[in-house]
Structure formats: C-alpha cells, structure tokens
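Have a look at the structure below before the remarks.
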Amino acid sequence: MSSGNDIKFIDVVRVLESIEATTQRTVMAKLLSSLLKKTPPDVIDKVIYFILGQLRPDWEGVELGVAEKFTFRAIANATGASVKQVEDLYKKIGDIGETAKRIMSSKPQQGGGKSILEFFGGGGIEELTMGKVYDTLMSIAKASGEGAQDTKVKLLIYLFSRAKPEEAKYIARFVIGRLRLGVADMTILDALSDAYKVSRDALERAYHIYPDLGYIAKMVAQEGQNALSKIHVTPGVPIQPMLAERLSTAAEILAKLGGTAMVEYKYDGERAQVHRTRDGEVRIFSRRLENITYAYPDVAEYVKEAIDAKEYIVEGEIIAIDPDTGEFRPFQELMHRKRKHDVKEAMKEYPVNIFLFDVMYVDGQDLTNLPLIDRKRRLLEILKPSEYVHLATWRVINDAEELDKFFHEAISDGCEGVMCKSIKADSIYEMGARGWLWIKYKRDYRSELTDTLDLVVVGAFWGRGKRAGTYGALLIAAYDPKTDQFYTVSKVGSGFTDEDLVKLKQMLDPYRIPHRHPRVVSKMEPDVWFVPAVVLEIIGAEITLSPLHTCCVGSVRSDVGLAIRFPRFTGRYRTDKSPEQATTVDEILEMYKEQKKVKVEEGPNP
Ligand code: ATP
C-alpha cells in the first residue's frame, strides 16, 4: 500500500470512499485507524490534513484561494471537455466531486493535460501519491502576487491530468472546500490512539495545548508516546478554551464552589485569546481557535499597548461599544467586523473594547496550572487598563444574596449574567474542559428554559405551502463527547424568518448526504440528511421525556430520551462554534434535572 516513505493517493481515496459509504461510527473509526497504521510517518500529517479538508490547522489560516470557476476551468482543461460541459453537469448534480469523476471517466485525459505535464517537466505519467497531491495543493495556496490565479490553475490542471476519476473527485471537493466527510478531530485522536497504541488521554492533553493533529500524529508516528511530553503551551498557537457548566440559583452555585467564588461580569461578545509571540506579533484567536486578528487589528494594538510583557496569552471578551455613551451594543454588531475587505470602515462604524478575564502564559511561564487567584494577580501585574482594554468587573462573594445583587448589577450594565469561578487550590485553567470550576449564571427567561442551547442540524424536512422549496423544519441534535456522536433532541420549525429559510438552505445544502451520517444517532427519518456541521442557537419551553428522540435514552427512563418542548430558533447562527462545541447530552440531562428541582421548590402551578 505504501510506496517508500509515501502512500499512493488512490489508497487514501479508497478509504475515503468507504468512510463516505458507512452509517456506522465504529466502522469509520476502524477504517481511519487502519489507514493511519499503513501510512508512513513522513506523510501521516498530510493524510490527516487532507481528510480534515485542510492544508494546515485552521488557526494558521492557510487557504487555497481557488474559486469555483477556476476549478471548472482546470477540470475542463485537463480532460478536453468544455467549461460549459463541466458547469452544466455541476448544475445538474450539485457536487463538484461527482462532476469531476464523471467527466474524467468519459473523456480521455489529453490536450491541456499533456502540455501542462511538459510545462512542469513531467515525463511519463506516474501515479499520484499523497505527498505529491498535498505538496501541489500547498504550492497552489502559496502562489501569490501577479499571475497567481494562472499559476494556481496550471497546478490544478497538473493534478487533474494525473488523477484517476476517483482521485479527481476528492481533489475537486477539497479544492472548493467541500470535502466534508464529517470526520471530527476527536475521531482522528481515537484512530491515532488505536493505530499507534498511545494513551488517548495523553493525545488529548497534547491536542488541548497544541491543536494541530498533523503535527501530533507525526510526532507520535515517529517517536511514540514520549514525544507528546515535548508539547508545551506556546504563544502563537491557540489552546483549547476552558468552558463553564451552568446552574440556575445563587445558593447552588456557591455550594458547588465551596462557599466562596470569584464572580465576574459575563459579557456578551466574542471570546478572544490574545497571544503575543516572541517576535512581538499579536494574534487573536476565536472560541473555535480561528485566527481573527484580521477582524480586530485595533484590539491587537490596544492589547499590545496595555500589557507590559514580551510574550503572553491572555483571554477576554470583545464587545461592540457605543462610543458616545460607552454602553455595550448587541453582539451581532461584531459580525460586521468579519468582512475581509472593508475592515477599516467596519472598525470606524463598529468600535470595540476588550474585557480581559484570564492569563495563561507570561514570559516563558505556563500559568495554566496555577489557581485562579494567582493567575488574576499576574494579570493585574501586567495590565495597565486603558480606554479600550479593561479588566472584567469582578468580586469575591460568599453570600447568595450578594451574588444575586451582583448578578442584577451585571444585567443592568448590559451583561448576560455572571461567571462564577472557583478560587480553590485546584482552580487551574482546564483547557478544553467543561467542568465545575466555572459556572455560568444567566438571566432567567421565566417560563422558558434558563438558557439557550446550541444544537447541530443533522437532518431536515421539506417545507410545504409558503415554505415549499426550503426546509420547513430541522432535525437537531446534541453532542456526546464520550461517543463522539450526535443525538437528536428536537424537530424545530419556529423562529425562522423567510430570509433565514433561504439562508439555511444555502448553508446546509453543501452538507447534504444520501444517508444518515455515521456520527448521528436518530430514530426519526428526515427527508434529507446532513453531515453534522451547522450549529444554531435554540430556546425552548422546557426539556421533556420523549420516545422519539435519542438524546439521553435510558438516563431518566429506559427507552425514553429527552427532547425540547416548543423549540424556537433565536436568530443566532453559531458560526463561532464547531459541532463538537455544541451543547452536550450531559448538559441537557443536567438542565432537565435542574428544571425538575425548580418545579419542586416552586410547588404545583396555581
Ligand atoms: P460555551 O462557551 O460555554 O460553550 P456559549 O458560547 O453558549 O457556551 P455561554 O454559555 O454564553 O457561551 O458562556 C460562556 C462564554 O461566556 C465564554 O465562552 C466567553 O465567551 C463568555 N464570557 C463572558 N464573560 C466571561 C468571563 N468573565 N469569564 C469567562 N467567560 C466569559
């Protein structure tokens, strides 16, 4: 299967085909693990990046920069078909991969193909290897400046000219960012652990500190588990953010945190991890660990000015601000900052501030294992607050009434509620974990659930009447990190405006698949299935028992799951969350138990 220290691309493609055909997660994991076992260490990173549909980890922001129409042109040129033929077939079947495969199968590879091989000095046609495919894609990404599009297209033609039809299918999908196999980072970690007999915990720890699966895989493949201890927190490389649990009364929160807590305002903006590297460059990473410095160059400057240290990682929330009154503006305004072009304009129109609440690294010292009080002290030492950079408002509280009072102050100051944090000796910065060291306490929606849920769309039902042609209702699911699968909790059809329905169809269609995805567990059979990818914010009246849904089946009653009653889309697209960052099944179970407790305390409804 392997050829020297590379692997034939067709062998990778065969596994991708099998992954695509299965509806069982265990089969998917086995396929991946046996592929990794057979992959030579030199190219294991390339295989992993390809499967994830990336050239490098997301946070490095390496993009191919090839528009759809150039891909059509390259396919046409490599096969001798006309661009119109390619476009027409694509319009008909809606999948660039199948389009490329069919055209390749029906046309002899010739014309442009040959001349392009000559252009690159290629002799006879050799079989593609993973290394060759990856390196060519990387050259496409790197081509810049004048004539870049031309070079990109030429390199693509070169790839398509050499590709077998099945290979062309995955190359084409990769190029336009539609590989979408739904293989999660966690699934890769499972496969690596299995293939190299390395502790799953050690792999996950490394992944939290250095979320680059290609890099981790290569280290493990070359040097075994010991290599993982060489991975350290590094400014410039984002770490997985610490996450919070939730509770709905002040008394319970204090009891859970041992009687005393550091309580901070909970700002409703965008979470930001701000890094300053040794060479003075400031990078900002999102909740999903994407590099968002391009959207907030002002914040990068503000933080650089306000922090007195050479190298650091601090964390805070970026908030849109009304410059005249200093009041907070709705988080939606931050979306305008994501326009890649007129950032300058957006900066003027949508000014922001940052409220810092943690520090994880300063000048050679990893602080993640220090208790919160010590981290806070360090943050106070290095921070000179300015007009734009603030310390999150905080107070140490040991009384439930005082906590409620502070909570209401936070709400009247425009926050969502408060974050209550443990100050005990073990209150470390728990990377990537949702634990009880941080507890969120949010505004009470009275008759509704005390919190919104972020759920993943796994299927859809066609709309009727006014909604004909769009999806009338969506099948949504919660995530279970223990099984790395998605369990359905509801069918949601309310809260969508006409624009939402159109937008959702566009967002979801690239993820359409002909059968249930292997990572989805469902008793319902929707009209359309999707790769789990799109996350929406949902509010509901309450969590109820339901025989129709698979979330938490058996946790409360055998054969019965949990579902959301009267679910409604809040209008908030959680593009800042990956599906694995959606609400978990355990959180839903917790909310169900909470709700029962509150009901018992309140007594029967009058
Ligand atoms: P989560 O991030 O927990 O998955 P979420 O994105 O829906 O859920 P919330 O439930 O609203 O967010 O609460 C957590 C978020 O609150 C953090 O990710 C962070 O962006 C924000 N936040 C605001 N203020 C603070 C603070 N003082 N400390 C920690 N996080 C804060």
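From the backbone N, Cα and C atoms, a Cβ is placed for every residue, glycine too.
Annotation source TrEMBL lists active site, N6-AMP-lysine intermediate at LYS266. For LYS266 (active site, N6-AMP-lysine intermediate), the count of additional Cβ atoms within 10 Å of its Cβ stands at 22 [all protein chains shown]. DSSP assigns LYS266 (active site, N6-AMP-lysine intermediate) to a strand segment in the three-state reduction.
The secondary structure of PHE357 (ATP binding site), as reduced to three states from DSSP, is extended strand. Within its own chain, PHE357 (ATP binding site) has GLU264, GLU315, GLY316, GLU317, LEU391, ALA392, TRP394, MET419 as residues 6 or more apart in sequence whose C-beta sits under 8 angstroms from its own. Among the features that TrEMBL reports, ATP binding site is placed at GLU264, ARG271, ARG287, GLU317, PHE357, ARG434, LYS440.
DSSP labels the residues of the domain 'ATP-dependent DNA ligase family profile' (345-480) in these numbers: 32 helix, 58 strand, 46 coil. TrEMBL lists 345-480 with the feature domain 'ATP-dependent DNA ligase family profile'.
Averaged over the domain 'ATP-dependent DNA ligase family profile' (345-480), the predicted model reaches a pLDDT of 92. All chains included, 22 other C-beta atoms sit within 10 angstroms of the C-beta of GLU317 (ATP binding site). A Cα-Cα distance of 8 Å separates LYS440 (ATP binding site) from LYS266 (active site, N6-AMP-lysine intermediate). Within 10 Å of the C-beta of GLU264 (ATP binding site) we count 24 further C-beta atoms, all protein chains included. In this structure, the C-alpha atom of ARG287 (ATP binding site) lies 15 angstrom from that of LYS266 (active site, N6-AMP-lysine intermediate). Reported as a whole number, the C-alpha separation between ARG434 (ATP binding site) and LYS266 (active site, N6-AMP-lysine intermediate) equals 16 Å. Residue environment of ARG271 (ATP binding site) contains 16 other Cβ atoms, counted within 10 Å of its Cβ in all protein chains.
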